[in-house]
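K.L.:
I'd like to ask you about the structure that follows.
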């Protein structure tokens, strides 16, 4: 079988491209919708904010024609190690009215991605848009237009069942709240959302404490998520398994299986703070009290640890997370087992529903786990613990997650695949490379497929090379797919586009012939959510968005 990756010149031949009239109109595509909330940093400058000129586009085309970077032949000898690459679409791919945003520009974008050799794209199916008009009133029309467009261009589609809010986290360039009728219920009963020790309510995602309670006008949250996924299947049944090849089931804030322990909104948290436990709504409180009573420890059920500190502290600043802290006591183990166990139960419920709906359709199911790499080199792994991952120096917190996903035949999607330990601030005790190794081992042990994403918006060869190294393995724990963050105007800059095309080519060849420059051409500060104040006055503004 021969796979030819052609030059992107075809999509910018505006006389031949239907629906695209000018270069400027093409580059007016869906804005700077930046990273999907997780661990994402965006570097911006006045030049990058501006639209690329007609001359810049022509420069891209000339370079691509001359260098012919897109041609490769994939034969049977390397097909088993091929890693397909998808590209995330902007967060605001759909308008607030539920229509496809700038369809002509999207059409041009998809043609460009097809020419790059990318397998397909990923898009969020926002609960707050689709079920906006009332319970069981779904509007999939904008997504239907996108699905047909992908089919026309021969692209595959990964669709995220996004049951979380867009807005208030790193990379959230637009605001899409939960459905208005759900917000109305939250206003009547604020305990429907996660709550911290100070009583702060987080409207990003419904608390898992009420999963099985009929708090949404007679339906439980799990029933609501199930009905939503069933509606999607019924609407797109003819495309599942051929155009729509993957359904990623959202299980928490940012679509990730975790608690919202490090919220960015209003400056509540900043990297590399340890975060806070999110177990103070009445439903989570009742669960903790019941478990503590059953264990004969009533006093352990009166809320979370009193010595766990605040969002922006370091482990050693607290009694709970310090080297020989409460985390390793009998009480600490009891609390952390309950806290992480509730998260696993939540994921198990949603994925069981997803499995029952999509089984036999040909579409894969996936679930996303956050790459919380800061304080990874400490004994307690504080930032992971507050997020619900019971991973410490003495305990593997990712193997139980991987086994839960494997139970339902779900792909484990993990972030920070492009990050290197040497790029992180020493004070934060980071180890993204160590974390990725641990997750890869857990996935292999649990016999679950592992897919990946990059955590930062980066286009330099160093980041791509790290992903290539991470994606391949001789021991059977390489990646089954990779999703690149994200389609926007910066990606179309000549050097960035060349790097992407070479990256896709190398992934298609099983990681061979990777000849990417190691320098960070994006001029991005490499610390996730960590901004040095000394950079604030430089010409290139480093900003978390």
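Note that Cβ sites are derived from N, Cα and C of the backbone, with glycine treated the same way.
Annotated active site, proton donor per TrEMBL: 256, in sequence order. Taken from TrEMBL, the feature active site, proton acceptor covers 453. The feature substrate binding site is assigned by TrEMBL to 124, 164, 172, 368, 373, 415, 454, 455, 486.
Tell me what's around each of these sites.
P.N.:
Other Cβ atoms within 10 Å of the Cβ of residue 453 (active site, proton acceptor) number 27 in total over all chains.
Around the Cβ of residue 486 (substrate binding site), a 10 Å sphere holds 25 further Cβ atoms from the protein chains shown.
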K.L.:
Quick one: pull the CA-CA distance for residue 453 (active site, proton acceptor) versus residue 256 (active site, proton donor), whole Å only.
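P.N.:
Roughly 12 Å, rounded to the nearest whole number.
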